[in-house]
Ligand SMILES: [K+]
Ligand SMILES: [K+]
């Protein structure tokens with residue numbers, strides 16, 4: 001336990017570096033937040049330093065049990081620390097500030113804050129940076145930590161980590177992999193930022209939205225999100241980069257290393273994600289056109305594509321209030337948000353690799369009914385998926401579904417209407433952002449009660465830690481010596 | 001294929017016997033339906049006879065593939081034949097008549113008919129008899145056919161068939177088991193009928209409601225269902241018999257054979273079903289009382305208990321419009337309807353034995369994260385559940401969930417609102433009956449379009465055949481030589 005605290009202390013000290021960006025911003029814009037961020041930074045550094053010092057005798061190799069504790073506390077602690085500037089400078093309650101920070105760090109992007117347009121620029125930059133830093137955490141979680149812990153079939157990914165130095169020591173390899181992927185992440189973020197600037201955004205908006213695009217966080221500097229820019233060009237740029245962010249960063253790395261687009265084609269997840277997005281955009285545009293929501297097919301395609309790609313990839317930008325569209329389209333978008341993101345991306349939900357395995361497993365199960373003696377294994381791209389992984393993925397799906405059911409019941413128990421409750425849970429567990437009803441795209445999470453906010457803060461973390469890593473902390477076995 | 005037709009022909013000939021009851025009723029009540037039922041009976045007998053004769057050279061042992069075809073066609077064909085009296089005597093469209101007959105034969109109990117109170121008594125008796133005959137089909141499906149076909153972990157039940165003559169030839173044993181369980185079913189039905197008569201119903205109502213109670217069908221002779229009798233005594237009798245019908249009929253047989261209630265206690269499913277019902281009734285009554293829906297706790301308990309037990313056991317009687325209650329309670333009732341029925345009962349949904357295994361499997365999966373080398377098997381009552389069964393059950397659950405998702409999308413694609421669509425699918429796939437919204441307890445399925453009616457007819461059959469048995473017919477492998 002104390003060895004976990006030691007790691008967390010060092011994590012906080014590194015995290016304190018993130019305050020530099022809003023500090024610089026506050027100096028440029030003179031928006032009165034300089035002291036706020038400086039105090040927050042010092043507090044974070046001091047807290048981290050004290051934790052590290054107090055536990056310095058307890059540095060030892062971490063066990064799986066420590067791993068679960070570590071990832072949960074890492075998100076809880078950084079989200080708590082990240083509330084400081086919000087509490088110091090704004091009149092937010094701790095409940096709201098914690099939700100906002102957790103929403104940032106889990107890249108959910110649901111917000112309880114209004115009048116974003118008139119916030120000090122540094123505060124907005126801080127929110128977006130939380131998205132981006134959260135995204136970095138997710139990448140290392142997805143490629144290194146969850147596979148090691150064997151969560152929900154992620155052990156499958158162990159072999160696929162594209163370590164440029166295979167065979168090296170494990171921790172070194174994890175660290176190197178993370179650094180390589182962070183490099184890719186940073187590079188594409190810069191490309192996105194420059195593209196947004198060229199497409200017409202100001203520098204600050206471009207930086208902020210590049211942060212929340214690549215992390216698929218979905219925070220915006222405007223109450224009306226991307227809709228306020230009303231620019232087909234900006235929307236196109238964002239569609240492109242949201243899709244890139246929903247693919248495996250290891251594949252991006254391979255594309256860069258091989259100077260070829262072939263790795264995209266070889267990546268079964270990427271093919272499925274892109275294919276599903278294209279088909280869904282065209283299908284939903286036709287549906288909206290046919291239903292008369294938009295007079296022209298191209299207008300329908302513009303609005304359907306942006307909002308669908310945004311929700312499906314778990315980004316959560318909004319360009320119009322799609323809550324008023326015929327229910328089929330927004331519900332289809334929410335459905336896609338559950339699985340249309342690759343492993344090793346910053347998206348949430350079930351992930352495409354699990355979906356593909358589940359589809360193959362169902363087909364095998366049906367075949368087995370007809371030929372009981374036949375026990376052909378599930379294969380993906382010619383690789384045999386061990387039965388244990390299939391069971392783990394089915395188990396993951398069951399807990400994921402049951403979490404949605406339980407959390408929805410917690411919300412309607414408190415009096416929230418069913419559609420708002422159900423869609424808020426879906427949007428938060430997938431780290432997507434907007435739901436429907438009172439948490440729909442035309443509004444945000446500000447109208448919810450404290451009880452509802454806490455339930456959904458938990459939901460965001462549960463989804464981000466792929467259900468298992470958090471639930472395991474609630475088992476008696478975890479606490480048994 | 002022709003050998004399946006031969007069996008179906010014989011099935012229809014037996015099915016024609018069921019017209020005797022409404023024929024006798026029409027003679028007693030002189031309600032003008034005598035000719036209708038006589039013609040229907042002769043048509044059914046002739047159709048069956050011709051089918052049997054035409055295929056008499058094709059009697060051979062059936063293979064698993066034939067089994068799937070047989071159960072699907074058995075329900076489709078009897079439901080189609082059963083529409084005759086409805087088409088002949090009432091002004092129903094074929095769509096509506098087929099839905100009503102399928103709803104009867106799958107013991108869903110959803111109805112598209114209004115003015116039930118003024119229908120000819122024989123027609124109402126016919127509807128209720130369809131429930132009861134459907135229940136007989138389900139018992140033999142559950143204890144004999146699905147275990148043989150190995151559907152969704154039902155192979156587990158093979159060993160548990162309480163054949164009084166174990167070791168006998170398989171078909172003989174299946175037939176004997178079915179006859180024994182039908183005897184139990186008939187006996188409890190008669191007990192229910194007499195109890196309802198004593199509690200204040202007329203003979204016809206008592207017979208009809210005994211039919212739809214033991215089959216958990218839920219058809220009623222009144223538009224307002226059980227609410228129109230406004231009798232706490234009748235409600236209590238029905239609660240008792242609905243609960244009995246939701247337990248395994250093999251357990252009832254054991255109770256009778258051993259002249260002891262001990263088998264109920266030894267039946268893990270029975271303990272879970274009854275425990276869950278009691279806790280839920282008290283909990284929901286407290287919730288309704290606290291929410292001010294009912295002024296007194298006892299009134300809240302009366303209405304909560306009846307409607308909750310009715311929906312949870314998949315019966316579907318209604319004593320008040322619980323659609324106006326705070327959403328938590330009706331959604332909890334619908335949730336219970338998904339799994340609160342034993343295997344070997346006439347209830348629908350996932351069934352309690354699968355639920356218990358899923359819960360244990362989840363807990364094992366969480367333990368495995370902490371102790372990867374530990375691979376303790378899932379056990380139920382000390383019996384080890386083979387891994388293959390666990391995988392089959394997880395696979396069943398996945399297809400069950402995906403069916404709900406897909407069918408809900410089909411309905412909202414057609415323009416139905418989300419809550420009505422979602423709850424109609426849940427109510428139909430679980431063969432429970434009433435949903436919420438436009439298909440809520442205060443109304444029925446009459447307002448739906450033909451498209452919606454066909455989707456839901458399919459849903460009822462899909463649920464009744466435990467998803468796999470119907471879906472397997474849609475695989476290319478099934479049709480490959
Ligand atoms: K998001
Ligand atoms: K029913």
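Yeah, the Cβs are placed from backbone N, Cα and C, and that goes for glycine too.
TrEMBL: automatically predicted annotations, no manual curation.
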Could you look at B:430, B:431 and say which one TrEMBL places alongside B:107, B:108, B:216, B:217 in the K(+) site? B:431
B:237-256, B:297-316 - the range that TrEMBL marks as transmembrane segment: B:237-256
Is it the case that the transmembrane segment (B:132-153) and the transmembrane segment (B:374-402) touch, counting contact as three or more CB pairs under 8 Å in which the residues of each pair are 6 or more positions apart? yes
Give residue numbers and ranges for long-range contacts of the transmembrane segment (B:35-55): same chain, 6 or more residues beyond its ends, CB-CB under 8 A. 2-3, 5-6, 8-16, 19-20, 22-23, 26, 81, 84-85, 88-89, 122, 126
Stretch-level contact, the transmembrane segment (B:324-342) and the transmembrane segment (B:409-433), CB cutoff 8 A, at least 3 pairs: yes
Have the transmembrane segment (B:374-402) and the transmembrane segment (B:453-474) got at least three CB pairs under 8 Å, pairs 6 or more apart in sequence? yes
Residue B:108 (K(+) binding site): tally of other CB atoms within 10 A of its CB: 35
Local Cβ density at residue B:216 (K(+) binding site) - other Cβ atoms counted within 10 Å: 31
Spatial neighbours, same chain, of residue B:107 (K(+) binding site) - Cβ under 8 Å, 6+ residues apart: B:131, B:134, B:135, B:138, B:215, B:216, B:217, B:218, B:314, B:346, B:348, B:431, B:464
List the other residues in this chain whose Cβ sits within 8 Å of the Cβ centroid of the K(+) site residues B:107, B:108, B:216, B:217, B:431, in sequence order. B:103, B:106, B:109, B:131, B:134, B:135, B:215, B:218, B:314, B:315, B:316, B:346, B:347, B:348, B:432, B:433
Quick one: do the transmembrane segment (B:409-433) and the transmembrane segment (B:237-256) have at least 3 Cβ pairs under 8 Å, skipping pairs fewer than 6 apart in sequence? no
How many neighbouring Cβ atoms, not counting its own, are there within 10 Å of the Cβ of residue B:431 (K(+) binding site)? 32
